[in-house]
């Protein structure tokens, strides 16, 4: 290895494989430039910023355990110390994966999808409608109070805000229409 001390106090160490280590004048910032184009910076606040040249991806590790990945397509991922992950996609969709298995996704149009650990899913649309999916049924709730439920056996039940109830059997035939 070759070590240089520059007039401004920086130290540059060059290794035989082409890797270069630069230590700032105040010795608080270290930059390592690897032979493959990767760059690792250790900052005064103890952040470690690693740039992967091939993938054009930056990985920042914070002293509190937070890790942030930034991809060339503008996708960003945050990995929190508690196991929670947050992904922000290029279209501004945000997906949160909680360590307990709960997932939630926020779409740019205002739609929110929440998935419980057991697989039950709730979709809240920006127009006020709400959909619930379980293994037993799929239900759509409308802002006017109307609720339509389709059960796993194919039976359909619609309860209107007026109090009317209509039930269809598995074949789609009306078996009850109470007004």
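Placed from the backbone N, Cα and C atoms, the Cβ positions cover glycine too.
Tertiary neighbourhood of the domain 'Centromere protein J C-terminal' (1-23): same-chain residues 29-35, selected by CB-CB distance under 8 Å and a gap of 6+ residues from either end. Among the features that TrEMBL reports, domain 'Centromere protein J C-terminal' is placed at 1-23 (among others).
Positions annotated as domain 'Centromere protein J C-terminal' by TrEMBL: 63-95 (among others). Away from its own ends, the domain 'Centromere protein J C-terminal' (63-95) comes close to residues 45-47, 55-57, 103-108 of its chain (Cβ-Cβ under 8 Å, at least six residues beyond either end).
Per TrEMBL, domain 'Centromere protein J C-terminal' is recorded for 100-133 (among others). Within the chain, the domain 'Centromere protein J C-terminal' (100-133) has long-range Cβ neighbours (under 8 A, six or more residues past its boundaries) at 91-94, 139-143.
Remark: secondary structure over the domain 'Centromere protein J C-terminal' (137-167) totals 0 helix, 17 strand, 14 coil, with classes taken from DSSP. Positions annotated as domain 'Centromere protein J C-terminal' by TrEMBL: 137-167 (among others).
Over the domain 'Centromere protein J C-terminal' (63-95) the predicted model carries a mean pLDDT of 97.
Secondary structure of the domain 'Centromere protein J C-terminal' (63-95), assigned with DSSP and counted as helix (H, G, I), strand (E, B) and coil, comes to 0 helix, 14 strand, 19 coil.
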